[in-house]
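Take a look at the structure below.
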Amino acid sequence: MRSTVSVIKADIGSLAGHHVVHPDTMAAANRVLADAKRQGIILDYYITNVGDDLELIMSHTRGELDTKVHETAWSAFKEATKVSKELGLYAAGQDLLSDTFSGNLKGMGPGIAELEVEERPSEPIAIFMADKTEPGAFNFPLYKMFCDPFNTPGLVIDPTMNEGFKLEVLDVYEGQSVLLNSPEEIYYLLGLIGTMARYVIRRVYRKADNMIGSVTSIERLNLIAGKYVGKDDPVLIVRLQHGFPALGEALEAFSFPYLVPGWMRGSHYGPLMPVSQRDAKATRFDGPPRLIGLGFNLKNGKLTGPSDLFDDPAFDETRRVAAIMTDYMRRHGPFMPHRLEPTEMEYTTLPTIIEKLKDRFKKEDSVKAKPSVYASKDQGMD
Ligand code: F6R
Ligand code: MG
């Protein structure tokens with residue numbers, strides 16, 4: 001049976017700052033999804049949040065970019081926004097960039113990851129959802145899961161994984177993508193995906209049979225809207241087991257709290273902290289960036305689960321290291337590399353400061369001028 005899991009998320013406003021979704025807004029979204037399930041548009045669903053992002057997980061047989069499924073998500077976000085506005089929640093409706101729905105949600109603000117598969121007899125999946133960071137934040141764990149045998153021994157031990165994987169890397173600035181082979185081309189791959197702001201691993205395929213292994217949301221709201229309007233907090237769906245990463249291999253990729261861009265005012269590097277759904281709220285310095293993971297089985301288009309994957313003492317040490325890193329990074333205050341490079345900051349105040357000071361800068365003939373590193377995104381400053 002061919003079925004699709006659609007994970008669609010948006011920040012439609014949150015309680016006491018950008019930190020957590022209010023339960024009443026989730027209840028409003030739930031009414032819409034329950035109705036869509038009654039009508040048979042979707043077969044199953046689960047609603048959750050990470051920080052200020054409302055996450056709709058839906059399963060169905062309508063394929064990717066289906067108008068009815070996307071319209072359902074749009075109505076859910078609209079209804080949730082209504083409640084958000086009634087309660088005076090902060091930044092109500094912030095990620096909904098358009099007033100009218102036309103066909104599908106692409107380019108309209110919500111983040112989307114859709115995995116369409118021919119169901120295996122058992123189809124285990126993990127869904128990872130993060131707040132206060134951006135889609136390129138998943139490059140590091142995807143590389144670990146699908147390309148690094150020190151993380152995923154299955155690449156060596158499981159004959160169905162031996163041939164490796166193909167990774168589709170999207171250049172979000174130029175709107176073009178390239179398919180790279182692992183392990184043969186991992187140095188080229190790493191050359192690109194280390195630049196998290198620009199290159200995003202969108203999909204991974206198993207080389208042996210072209211079966212899809214993962215899908216990442218690729219929306220970058222600041223690029224969609226031309227100016228910063230909201231966060232690009234990403235979601236990732238990973239297919240597990242039997243020739244794909246085992247659940248534990250997928251989770252192992254998050255055991256090191258690596259640094260990601262985002263955090264306070266979308267302008268700082270901070271450690272990605274894997275937490276349970278209970279702790280999925282952004283508090284200290286609006287973070288640190290949080291990640292939740294949910295495990296499901298997909299059968300006949302229905303979802304069994306979830307299991308709250310990071311609700312586990314095995315990740316206590318990761319969280320402790322993340323807390324230490326939080327202290328370490330915070331002590332840099334407004335200095336890079338805690339603060340992001342100017343081209344990637346959510347609040348681009350630097351041009352304003354330079355403008356204000358322009359008459360006070362004196363020419364120094366002894367110093368040869370270099371091209372401005374702040375002038376354009378094309379100068380390798382991503
Ligand atoms: C970052 C984020 C928050 C806000 C910060 C300031 O993605 O959501 O860190 O940027 O709370 O928010 P405003 O500018 O709305 O006061
Ligand atoms: Mg968010």
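Just so it is clear, glycine is given a Cβ too, placed from its N, Cα and C backbone atoms.
Predicted automatically and left uncurated, TrEMBL annotations should be read as such.
What TrEMBL records for D11, H18, D52, Q94 is Mg(2+) 1 binding site. Feature annotation from TrEMBL assigns active site, proton acceptor to D11. Marked as beta-D-fructose 1,6-bisphosphate binding site by TrEMBL: H18, Y90, G103, N104, K132, Q241, H242, R265, D286, Y347. Taken from TrEMBL, the feature dihydroxyacetone phosphate binding site applies to H18, K132, R265, D286. Positions annotated as Mg(2+) 2 binding site by TrEMBL: D52, D53, D131, D233. Marked as active site, proton donor/acceptor by TrEMBL: Y228. Residues annotated as Mg(2+) 3 binding site in TrEMBL: K231, D232, D233. According to TrEMBL, the feature active site, schiff-base intermediate with DHAP maps to K231. The Mg(2+) 4 binding site annotation in TrEMBL covers D232.
Location within the structure of each feature annotated in TrEMBL.
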| residue | record | Cβ contacts under 8 Å, 6 or more apart |
| --- | --- | --- |
| D52 | Mg(2+) 1 binding site | D11, G13, S14, H18, H19, V20, V21, A91, D131, A282 |
| G103 | beta-D-fructose 1,6-bisphosphate binding site | T67, H70 |
| D233 | Mg(2+) 2 binding site | K9, D11, V50, G51, D53, G111, M129, A130, D131, K132, T133, E134, G262 |
| H242 | beta-D-fructose 1,6-bisphosphate binding site | R120, S122, T160 |
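Candidate binding-site residues: D232, R265, D286. Nearest to Q94 (Mg(2+) 1 binding site) by Cα distance: D232. In the three-state DSSP assignment, the secondary structure recorded for H242 (beta-D-fructose 1,6-bisphosphate binding site) is coil. Under the DSSP three-state reduction, D53 (Mg(2+) 2 binding site) is assigned to strand. According to DSSP, G103 (beta-D-fructose 1,6-bisphosphate binding site) is assigned to coil rather than to any helix or strand. Close contacts with ligand 2, defined as a Cβ under 6 Å from any of its atoms, occur at D11, D53, D233 among the binding-site residues D11, D53, G103, D233.
Closeness to ligand 1 is met by R265, these being the binding-site residues among D11, D53, H242, R265 whose Cβ falls under 6 Å from the molecule. DSSP classifies R265 (dihydroxyacetone phosphate binding site) as helix under the three-state reduction.
For the dihydroxyacetone phosphate site, whose binding residues are given in the record as H18, K132, R265, D286, the maximum C-alpha distance rounds to 10 Å. Between the binding-site residues H18, K132, R265, the minimum number of other C-beta atoms within 10 Å of a residue's C-beta occurs at R265. Taking the Cβ of D232 (Mg(2+) 3 binding site) as centre and 10 Å as the limit, one finds 28 other Cβ atoms among all the protein chains shown. Between the CA atoms of D232 (Mg(2+) 3 binding site) and R265 (dihydroxyacetone phosphate binding site) there is a gap of 12 Å. Using a 10 Å radius centred on the Cβ of D286 (beta-D-fructose 1,6-bisphosphate binding site) and all shown protein chains, the other Cβ atoms total 21. If you take the Cα of R265 (dihydroxyacetone phosphate binding site) and the Cα of D286 (beta-D-fructose 1,6-bisphosphate binding site), they are about 8 angstrom apart, rounded to a whole number.
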